[in-house]
Every structure is written in structure tokens, then in C-alpha cells.
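Going by Swiss-Prot, these are the annotated features:
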CROSSLNK  Lys17  SUMO2 cross-link
CROSSLNK  Lys68  SUMO2 cross-link
DOMAIN    70-148  domain 'RRM 1'
CROSSLNK  Lys82  SUMO2 cross-link
CROSSLNK  Lys87  SUMO2 cross-link
MOD_RES   Lys133  N6-acetyllysine
CROSSLNK  Lys142  SUMO2 cross-link
CROSSLNK  Lys220  SUMO2 cross-link
MOD_RES   Lys276  N6-acetyllysine
CROSSLNK  Lys276  SUMO2 cross-link
CROSSLNK  Lys344  SUMO2 cross-link
REGION    399-607  region '27 X 6 AA repeats of [GEVSTPAN]-[ILMV]-[DE]-[RH]-[MLVI]-[GAV]'
REPEAT    406-411  repeat '2'
REPEAT    414-419  repeat '3'
REPEAT    445-450  repeat '7'
REPEAT    460-465  repeat '9'
REPEAT    481-486  repeat '12'
REPEAT    492-497  repeat '13'
REPEAT    520-525  repeat '17'
REPEAT    553-558  repeat '21'
REPEAT    561-566  repeat '22'
REPEAT    567-571  repeat '23'
REPEAT    587-592  repeat '26'
REPEAT    602-607  repeat '27'
CROSSLNK  Lys666  SUMO2 cross-link
MOD_RES   Lys671  N6-acetyllysine
CROSSLNK  Lys684  SUMO2 cross-link
CROSSLNK  Lys691  SUMO2 cross-link
CROSSLNK  Lys697  SUMO1 cross-link
MOD_RES   Lys697  N6-acetyllysine
CROSSLNK  Lys715  SUMO2 cross-link
Amino acid sequence: MAAGVEAAAEVAATEPKMEEESGAPCVPSGNGAPGPKGEERPTQNEKRKEKNIKRGGNRFEPYSNPTKRYRAFITNIPFDVKWQSLKDLVKEKVGEVTYVELLMDAEGKSRGCAVVEFKMEESMKKAAEVLNKHSLSGRPLKVKEDPDGEHARRAMQKVMATTGGMGMGPGGPGMINIPPSILNNPNIPNEIIHALQAGRLGSTVFVANLDYKVGWKKLKEVFSMAGVVVRADILEDKDGKSRGIGIVTFEQSIEAVQAISMFNGQLLFDRPMHVKMDERALPKGDFFPPERPQQLPHGLGGIGMGLGPGGQPIDANHLSKGIGMGNLGPAGMGMEGIGFGINKIGGMEGPFGGGMENMGRFGSGMNMGRINEILSNALKRGEIIAKQGGGGAGGSVPGIERMGPGIDRISGAGMERMGAGLGHGMDRVGSEIERMGLVMDRMGSVERMGSSIERMGPLGLDHMASSIERMGQTMERIGSGVERMGAGMGFGLERMAAPIDRVGQTIERMGSGVERMGPAIERMGLSMDRMVPTGMGASLERMGPVMDRMATGLERMGANNLERMGLERMGANSLERMGLERMGANSLERMGPAMGPALGAGIERMGLAMGGAGGASFDRAIEMERGNFGGSFAGSFGGAGGHAPGVARKACQIFVRNLPFDFTWKMLKDKFNECGHVLYADIKMENGKSKGCGVVKFESPEVAERACRMMNGMKLSGREIDVRIDRNA
């Protein structure tokens with residue numbers, strides 16, 4: 001409340017200046033001496049300040065001194081009790097009540113505790129005596145005197161620490177998931193972020209220093225770029241002229257915070273706007289936990305920025321273990337969950353588990369330097385093996401012949417354990433992948449892949465091409481041994497029927513887990529959208545000549561050699577007995593509705609139009625909406641000879657889904673005119689009725705992309721629309 005009083009006084013102090021600038025009548029005094037009216041002027045200003053102070057809050061304040069309050073803190077309240085019922089109970093048992101606030105969580109549910117204020121100290125003491133241990137809906141209330149708000153503050157801190165909020169350093173995730181772009185934004189005060197996390201922030205912003213010709217329509221037009229504006233007002237003086245002050249109310253609190261970030265300090269008609277939260281939108285009461293600065297060692301004056309996101313320090317020990325993204329979220333919520341979760345998917349505690357741990361390394365801060373080192377070592381080993389291929393291949397044929405009996409033994413206890421492992425592991429796939437989706441939301445460091453991949457150019461891929469050429473020659477000498485291997489695999493697979501039968505049953509249980517993958521994969525799509533920086537183009541261009549040489553090597557490995565591998569022995573009788581029919585119908589059909597829309601949304605946002613390939617390696621060119629994929633890279637992937645299409649032309653048309661069915665093309669055009677000049681708008685119709693989707697064409701790709709950023713997720717008549725670039729335009 002003290003903050004509200006100061007804000008009201010500040011606004012009142014600026015009002016005379018506004019009136020003078022707008023040409024409001026001012027009382028002059030001759031020869032610089034204060035006249036009789038001039039002597040009354042300070043008294044009038046003081047009265048105006050007092051009036052504004054009384055009017056400052058949206059609740060009745062019974063105390064002249066706002067720091068002196070007679071409050072009681074009540075806990076163990078049944079969760080279904082509303083604040084009005086609690087107020088009636090206290091009024092009946094104690095007497096007059098001036099203020100009741102039931103503490104709520106982010107979803108609007110009661111936390112089981114409340115703050116009750118009284119006008120007199122005797123009422124506060126009586127409440128602690130009478131209501132303590134009073135049974136309400138079978139639960140004994142716990143009532144304590146709390147004049148300084150200390151009990152309420154501790155309760156809030158305890159609740160927020162349980163949910164991962166305060167006490168975890170700046171940026172810790174609170175009761176509402178706040179994007180890092182807001183947490184680390186210097187334009188937004190910390191108290192506003194804390195109130196937003198607690199779900200106790202209003203949706204109204206206060207705008208000052210407006211040009212006097214700005215009306216409410218212009219104000220609404222400007223601030224609509226930050227969100228859905230419910231109401232916009234310009235404050236006027238007694239003559240009906242603008243005072244250069246406005247108030248804008250949004251549909252959601254986060255839109256108001258976004259407006260502060262977007263417009264505070266920006267010029268409107270050559271005047272910088274001052275945008276802040278309206279004092280009535282800030283949370284009431286002083287029991288909200290204040291921000292506590294990080295405790296520093298004695299004698300240390302301060303610290304600079306760490307190397308992690310948002311200036312957070314990183315843990316070097318975690319980096320060496322491959323979990324460097326542990327500090328990605330400002331509260332230490334990181335990517336180690338991915339490596340750990342994937343490692344548990346199939347109960348893979350054996351050799352597979354060791355391999356899957358590398359997923360944690362890849363996710364950890366996109367540690368591309370480590371990948372470079374691994375690839376370099378692998379390529380060197382491949383080159384050495386290929387150089388020995390002339391004599392070594394001949395020696396390896398008897399070894400491959402001896403693989404047949406070994407493969408027979410694979411299908412016994414090993415395959416049965418695999419079935420059991422899959423059964424336990426697949427049940428956890430859904431929850432683990434959900435955690436992957438949440439973490440991918442925070443993968444702001446994916447944008448650094450471009451610069452990291454650029455370092456992969458001179459990795460020694462030339463050695464890889466020459467090695468593959470030698471592998472082609474070696475494969476020609478392996479044929480007879482592989483034939484016998486095929487025979488052994490045929491017998492082995494016949495014994496795999498029973499374990500695979502059990503795999504079919506476990507995959508049926510995957511349905512519910514995969515259904516939870518939808519939102520996660522959609523969030524992964526948003527992150528993947530940032531994975532095509534310009535740095536990737538320059539590095540991949542260097543791979544063009546190398547890929548040409550790899551094509552000739554791959555040709556030598558195909559056709560004749562693979563035909564001699566005896567794989568036909570694996571078909572018919574053995575595969576028919578594998579129980580794969582259990583994997584259809586009930587299980588895989590449930591995977592379709594969950595993965596279909598989600599994968600569609602995620603892959604479309606990746607901006608990749610992947611084709612096949614032609615000539616020696618692939619048939620069609622890779623089309624990428626973003627990135628500089630020209631030159632030799634396009635030539636190698638575009639087939640032998642000629643230049644591939646390379647960069648796809650950016651589209652100027654967007655596709656809008658989930659529109660209200662009463663929305664017309666004119667309404668659609670008017671709505672998207674806020675983003676830029678619309679050339680064409682249309683609603684898709686079927687049998688004369690709207691299909692709930694439409695297209696909008698702009699004059700440039702940049703305007704189309706801006707429309708996607710501004711309008712995607714906006715609510716129209718209660719429906720959240722989906723806006724994306726129309727690839728088919």
C-alpha cells in the first residue's frame with residue numbers, strides 16, 4: 001500500500017505540468033511576487049494530493065498509518081470455503097471485518113490460508129482466542145495474530161519454495177511458468193515478475209508522456225500489438241483536453257507485462273512513452289515475499305555475469321559429465337532430464353544405456369565441441385580400418401561365418417529379457433517425453449548450433465569419403481559369409497515369436513503415453529524453428545564436394561552385394577510368427593491422433609521441405625525456407641550435374657486455423673491489417689459454410705512472418721487461432 005501511496009503522489013505531482021503544457025489556465029502573479037491566488041495554490045495542490053491518496057487503492061483503508069494493521073492469519077481452512085463465507089464466519093464470531101484475502105494458487109484454487117484485517121486491535125486478539133481450533137467443515141482452524149504480516153510472508157515463501165519459486169535465485173520458476181525472455185528483461189521490475197508468477201497481477205498498464213493528439217483509438221491500435229486490448233482510455237482535464245496520460249486494460253496479465261517490455265521508452269509522435277503497471281493492478285498487501293538478493297561472501301562487493309543463460313553461473317563438473325544444460329533454466333532446471341529419461345526408456349541398463357547417455361551430451365548446451373572431438377576420433381579409426389581392408393576383409397569372412405550359431409543363441413534368454421525390458425520401459429515413455437517437451441521450450445541455446453556446426457566443416461569428411469570407397473571393395477568379398485549369416489538369422493528369428501508377442505502387448509500400453517506426446521512435440525517444433533541460423537549454411541556448403549565422393553562409395557555397396565546377403569531367409573515363415581499383428585489396430589491407431597497433428601505442427605515449424613535425392617545419391621533437392629544452402633551443397637544434393645533449386649522462395653501468404661465460424665473474409669482482412677497491408681483474404685468454405693480456416697496474403701514475406709509472430713495464439717471470440725506460413729501458396 002505504501003507503494004500505491006507513493007505512485008498516487010507521483011501522478012498528482014505531475015498533473016500541474018501536464019496542464020501547463022496542454023494550455024490549461026494558469027494563475028499568474030505580477031512582478032514575481034505571489035498574489036493571493038498564488039498563495040492558495042500550494043494548499044490546493046496539497047488537497048489534491050490528499051484526495052488522490054485516499055482514492056489510490058481499490059479497497060477501503062481504515063488506517064491513517066498504513067504500516068499499522070490489525071491482522072490475523074488463518075490456516076487449515078477447507079479448500080472449498082470461499083472468502084465470503086470466511087468473512088461471514090469471522091464477522092459472526094468476532095465482529096466487524098475490514099478486509100479478507102484468501103490466498104490462491106496459479107489455477108485459482110484455495111491454498112487453505114487467509115489474511116483477515118480488523119479495524120481495532122481488540123478484534124484481532126479476540127479472533128485469535130475465539131476462532132483458534134474452531135471446527136469448520138470438520139477441520140480445526142489455526143488462528144494467529146499477525147500485525148506485521150510475518151506469518152503470511154513465511155507461508156507464501158514456504159509455498160513458493162515447494163513449487164520452485166523464490167529462494168532459487170533470480171528467474172526461478174514460480175507458480176506460473178514465465179518465459180526466460182520476461183524473467184531476464186531489464187525493462188520489467190522484479191516485483192511485477194513475482195506478482196505475475198503468483199497469479200496476483202492485474203492486466204492494466206499506465207501510459208504517460210503521450211502526445212496530446214493521441215486519442216483512445218490510436219492508443220488501442222498501438223497497444224494491440226502486445227495483446228488483446230479490452231479497453232483504452234485517455235485522461236482529460238476539465239476542458240476535455242488530453243492530459244497526455246492513458247490507461248490500457250488487456251485480456252491477460254502477461255499481455256500487460258509484454259506491453260511494458262515492448263513500448264516503455266518507445267517514441268509515439270516523437271515523444272517517448274512511459275509505460276508501467278497501473279497501481280491498482282499491483283497485488284494488494286505487503287505480505288508478498290520481497291526479493292532477497294543473493295548472499296555474497298563477507299567482503300565481496302558484487303559479482304558479474306556467469307557464462308550460462310541469463311548470466312547464471314554454469315557448473316563445470318556438470319559440463320564434463322555431459323549435462324551442461326543443467327543451468328539452462330534460471331532455476332537449474334536443465335537438460336539432464338533428457339539423458340536420464342531416455343536412458344530409462346527400455347530398462348536399458350546394459351550396453352544400450354551407455355550409448356543413450358550420449359543423448360545427454362548432445363542436449364547439454366548443444367556441446368558441439370565435444371561432438372567434433374568424437375567425430376574426429378571415429379573418422380580416424382574408420383580410415384585405419386579401411387586401409388587394412390584389403391587383407392582384413394579376407395580374414396573377416398570366417399569370422400562372419402561363425403556368427404550364425406551365435407545369432408541362434410541371441411533369440412533365447414536375451415530376446416525374452418528385451419521383451420520384459422520394453423514392457424517396463426515403454427510405460428514410462430509418455431512421461432519422459434513430456435519432460436523433454438518442457439525442456440525443449442527452454443532451449444534458447446539451440447540458436448548456437450549454427451556457429452558450432454560451422455566448426456564441423458574441416459572435420460576430415462574427406463577421409464570419410466575415401467573410407468566409404470574402400471568399404472565398397474571390401475563388401476564385395478563379404479558376400480558368401482553374409483549368406484551363412486542370413487541362414488542363421490532365419491532360424492534365430494523363428495524363436496523370437498514369443499518375446500515379440502509380449503512386445504505387441506506392451507505397445508498397446510504405449511497409446512496413452514504417446515497421446516501425451518502431442519503438446520510436447522508441438523513445443524519442440526517452436527524450438528526447432530530457431531535451429532536454422534545462417535551459420536549452418538556456410539558450414540554445410542563445405543560438405544558439398546565431400547558428399548559427391550561419398551555417393552560413388554555408396555554405389556559400390558549396393559545391389560549385387562546386398563542381394564547375396566541371404567536376407568530372403570528371414571521372411572515368410574519366421575516373420576509371420578513374430579506376433580507383429582499385436583502391434584496394429586488398438587495400439588498404433590491410438591498413436592495416430594496424438595502424433596499426427598503434433599508432428600505436423602512441429603515439422604512445419606522446422607521450415608524444412610525434405611525431398612528424396614537423385615543421381616548417385618538422392619533424387620530431389622532439399623528445400624529449406626531459411627538458411628543459406630547454395631553453392632556446392634545444393635549441387636551435391638541436387639543430383640549429378642546442374643545446380644539445385646537451393647533456397648526456397650519465401651511465402652507471402654499465411655494460413656489461419658481455428659477461426660470462429662461466423663468470421664467473414666472482411667473481418668479477417670481487417671484483423672490482419674494491424675500487421676501490415678493485406679492484398680488478399682479468404683475464408684475456406686464447404687457447402688456454403690465456413691470450415692473455420694482461411695488464408696491471408698501480404699505484400700512481402702517479412703510482413704507475413706510478423707503476422708505469424710503477432711497473431712499466433714491470439715483469441716478471437718474465445719477461440720485461440722493458429723497462424724503459420726502457407727507452404728502451398
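Placement of Cβ uses the backbone N, Cα and C atoms for every residue, glycine included.
Distribution of Swiss-Prot features across the structure.
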residue : record           : DSSP class
Lys87   : SUMO2 cross-link : helix
Lys133  : N6-acetyllysine  : coil
Lys142  : SUMO2 cross-link : strand
Lys220  : SUMO2 cross-link : helix
Lys276  : N6-acetyllysine  : strand
Lys666  : SUMO2 cross-link : helix
Lys671  : N6-acetyllysine  : helix
Lys684  : SUMO2 cross-link : strand
Lys691  : SUMO2 cross-link : strand
Lys697  : SUMO1 cross-link : strand
Secondary structure composition of the domain 'RRM 1' (70-148) [DSSP: H/G/I, E/B, coil]: 21 helix, 29 strand, 29 coil
Candidates Lys684, Lys697, Lys715 (recorded sites) - the one closest to Lys133 (N6-acetyllysine) by CA: Lys715
Recorded positions clustered about Lys691 (SUMO2 cross-link) [Cα within 10 Å; pool: Lys82, Lys87, Lys276, Lys684]: Lys684
From recorded positions Lys220, Lys666, Lys671, the one whose Cα lies nearest Lys87 (SUMO2 cross-link): Lys220
Integer Å distance between the CA atoms belonging to Lys82 (SUMO2 cross-link) and Lys666 (SUMO2 cross-link): 45
Chain-internal residues near Lys671 (N6-acetyllysine), provided their CB is under 8 angstroms and they sit 6+ positions away: Met711, Leu716
Winner by Cβ contact number (other Cβ atoms within 10 Å) across the recorded positions Lys276, Lys684: Lys276
Minimum Cα separation from Lys697 (SUMO1 cross-link), reported as the residue among recorded positions Lys82, Lys142, Lys220, Lys276 that achieves it: Lys220
Chain-internal residues, separated by at least six, CB under 8 A from Lys715 (SUMO2 cross-link): Val228, Glu251, Ile721
Nonlocal neighbours by CB distance (under 8 Å) for Lys82 (SUMO2 cross-link), same chain, sequence gap 6 or more: Leu102
Under 8 Å by Cβ from Lys220 (SUMO2 cross-link), counting only residues of that chain that are 6 or more apart: Val229, Ala232, Val248
